[in-house]
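Engineer: What follows is a structure written as structure tokens; I'll ask about it next.
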Amino acid sequence: NGDKRYDDDKRDGGSRRGDTTGKWPRETWSKKMDFLLSVIGYAVDLGNVWRFPYICYQNGGGAFLLPYLLMAVFGGVPLFYMELALGQFHRSGCISIWKHICPIFKGIGFAICIIALYIAFYYNTIMAWALYYLLSSFRPTLPWSTCSNSWNTVNCNLYMSTDHNVSWSNSSTSPAEEFYTRQVLQVHLSPGLHQLGSVSWQLALCLLFIFTIVYFSIWKGVKTSGKVVWVTATFPYLVLLVLLIRGATLPGAWRGVVFYLKPDWQKLLSTTVWIDAAAQIFFSLGPGFGVLLAFASYNPFHNNCYKDALVTSSVNCLTSFLSGFVIFTVLGYMAEMRHQDVDAVAKDAGPSLLFIIYAEAIANMPAATFFSIIFFLMIIMLGLDSTVSLLITHFCAQVKIPKLVFCLLNVLFITTSFVVKLFEEYATGPAVITVVLLEVIAVSWFYGTNRFCNDIEEMLGFYPGCFWRVCWVAICPCFLLFIIISFLAFPPEVRLFNYHYPPWTTVLGYCIGVSSFICVPAYMVYHLLNAKGTFKQVQHLLSLPFRNLRCQVDYLHGFPCPCPLALSSSSLISSLALCPCTDTSPMTRIASISILSMHCQGLPSPVST
């Protein structure tokens with residue numbers, strides 16, 4: 001108990017390799033279903049219910065499904081499986097885990113935390129909008145179902161499912177669209193990103209309420225409760241099912257379904273479709289955010305995380321697919337009423353698709369007030385689940401920053417939706433893809449695919465198949481690198497409503513995106529400058545997993561080797577070659593021997609660092 005050499009292991013809950021005896025116990029899930037529902041509850045969030053339908057609509061409907069499925073099979077699911085396996089084996093968070101994998105890549109953990117902060121800003125703003133809709137729903141008549149409000153214009157055109165003689169022109173706007181643009185966002189008061197305008201006090205109060213909930217959730221911490229998880233993970237499916245049934249009964253719904261499923265093959269020639277598909281699968285499944293590492297770290301050591309990865313990722317993708325039907329049935333109905341094509345119904349395919357199309361669908365339902373309340377409450381619950389998971393996992397357990405800092409920074413987002421759109425395009429999707437690329441390179445190329453597969457075999461009893469190994473080593477890095485290069489070569493044209501972002505916003509967007517993963521090279525430089533020893537010695541050390549060095553340093557201090565094979569003092573080199581904790585690659589073995597030799601000779605050694 002007085003051995004301070006394993007303090008890190010105690011904090012990590014016994015993350016030592018091969019420690020299945022419970023010497024360093026760690027809290028585990030009370031039930032297997034609690035873990036599955038927690039992962040599904042985290043992954044099934046606004047990215048499924050809100051982001052997927054409008055990204056699909058923006059990229060031509062059915063044409064988007066092919067790159068989405070390809071990215072899911074060859075990118076999202078393998079990385080989802082990889083993070084669950086890493087978290088379950090090492091039982092560490094997104095920062096501390098890198099001492100077990102490759103210490104010089106510890107900056108990836110800090111980059112993940114910054115991205116999580118940006119996404120928290122992003123989701124908090126969406127939840128503030130949803131809260132405004134929720135509070136506006138406590139009325140006998142929904143305010144976005146009539147054209148007699150103070151914010152409506154002469155172009156407002158009221159139509160319901162019973163209005164078959166509606167006259168709709170290109171200048172016409174629906175009451176739901178005007179409520180969103182003129183009452184909630186008030187975009188008519190701001191000319192663009194160069195002049196954001198004043199803060200809406202209504203949205204500021206909504207955001208303050210969201211802050212309060214998030215703050216006290218972090219302050220108290222997340223206590224796993226199977227009953228709560230069962231409600232929060234299943235409630236969205238009930239609401240989506242009700243909306244789907246109602247949407248399918250609307251006239252013209254079949255037109256939206258045809259547009260949703262019929263692909264436009266010309267769209268596949270656009271790099272934007274592939275970039276959006278990759279960004280969406282990562283937004284949806286959640287690899288690269290560190291939450292999966294934390295959730296899996298509470299699993300029993302021999303839990304079948306392979307089956308968990310397949311089940312949860314399949315449920316996640318099917319939920320996105322279901323949400324698409326909910327949206328497109330309503331799009332078909334609106335096109336039928338307006339006598340327009342489906343692709344011309346929504347003037348903007350951004351976040352407004354949730355707050356205009358879904359709101360329009362709810363206004364056409366019997367008991368519209370009731371369905372509006374439960375739907376926007378669902379949106380808030382989904383956002384809170386993901387935001388609290390991100391902030392608890394990273395900032396409370398890893399970084400230890402003041403919990404109100406992110407709340408103060410988030411005030412910028414409520415000034416205008418133009419800022420939200422800029423962060424959506426540059427701060428989240430491309431940055432997540434870059435960080436995941438660095439993560440898979442660190443695990444597959446530096447830590448080693450063979451070693452990683454041996455870890456999985458030790459946990460699950462079987463070696464990963466050829467498909468997974470090829471994806472981790474080659475396919476995932478190539479896909480991700482291609483998307484990043486395409487994004488840099490062909491930056492997307494950012495537009496919101498009738499506002500086209502000026503060229504200087506592209507530079508600003510790149511700066512926002514680089515601000516997260518710049519932590520990776522910055523941390524490498526920091527460690528190389530502060531570690532003792534020659535550059536080559538430090539370079540070898542920082543590329544070694546921590547558990548290999550710990551085994552060797554333990555031997556030098558007279559402690560027994562934790563490996564089944566004891567080290568022999570008569571031949572350090574031959575024993576080190578046989579030690580299963582040591583990487584079998586010659587370069588790593590030579591580096592380990594050189595470090596041990598330095599220590600034995602009393603020379604300055606980076607081992608202590």
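Glycine is no exception: its Cβ is also placed from the backbone N, Cα and C atoms.
Here TrEMBL flags 1-23 as region 'Disordered'. Residues or ranges marked as transmembrane segment by TrEMBL: 35-53, 65-86, 107-135, 199-216, 228-254, 274-298, 310-335, 355-384, 404-423, 429-447, 467-487, 507-529. Per TrEMBL, Na(+) 1 binding site is recorded for G41, A43, N48, S284, N316, L382, D385, S386. Residues or ranges marked as Na(+) 2 binding site by TrEMBL: V44. According to TrEMBL, the feature disulfide bond maps to C147-C156.
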Engineer: Among 35-53, 228-254, 274-298, 429-447, 507-529, which stretch has the highest count of C-beta pairs below 8 Å with the transmembrane segment (310-335)?
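Structural biologist: Of the candidates 35-53, 228-254, 274-298, 429-447, 507-529, 228-254 scores highest.
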Engineer: Return the residues near L382 (Na(+) 1 binding site), defined as same-chain residues 6+ apart in sequence whose C-beta is under 8 angstroms from its C-beta, sorted by sequence, else 'none'.
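Structural biologist: V44, D45, L46, V49, P236 - these are the non-local Cβ neighbours of L382 (Na(+) 1 binding site), listed in sequence order.
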Engineer: Are there any residues in the same chain, six or more apart in sequence, whose C-beta is under 8 angstroms from the C-beta of N48 (Na(+) 1 binding site), and if so which?
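Structural biologist: Spatial neighbours, sequence-distant, of N48 (Na(+) 1 binding site): S284, N316, T319, S320, S323.
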Engineer: Once G41, A43, N48, S284, N316, L382, D385, S386 are set aside, which residues in the chain still have Cβ within 8 Å of the Cβ centroid of the Na(+) 1 site?
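Structural biologist: Output for this site, in sequence order: I40, Y42, V44, D45, L46, G47, G286, T319.
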Engineer: So, taking each listed stretch (107-135, 274-298, 429-447) in turn and counting its Cβ pairs to the transmembrane segment (65-86) that are under 8 angstroms, which one gives the highest count?
Structural biologist: 274-298
Engineer: Considering pairs 6 or more residues apart, do the transmembrane segment (507-529) and the transmembrane segment (228-254) have at least three CB pairs under 8 Å?
Structural biologist: no
Engineer: Same chain only, sequence gap of 6 or more: which residues have a CB within under 8 Å of the CB of C156 (disulfide bond)?
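Structural biologist: When sequence neighbours closer than 6 are ignored, C156 (disulfide bond) has C147, S172, T173, S174, P175, E178 within Cβ distance under 8 Å.
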Engineer: Mind checking which residues reach the transmembrane segment (107-135)? Cβ under 8 Å, same chain, six or more beyond either end.
Structural biologist: 46, 50, 93-98, 184-185, 202-203, 206-207, 209-211, 214, 288-290, 351, 355, 359, 372-373, 376-377, 379-380, 383-384, 386-387, 390-391, 393-395, 398-399, 406, 409-410, 412-414, 420, 423-424, 427-428, 431-432, 435, 438-439, 442, 512, 515-524
Engineer: What number of additional C-beta atoms lies within 10 angstroms of the C-beta atom of V44 (Na(+) 2 binding site)?
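Structural biologist: The answer is 29 other Cβ atoms.
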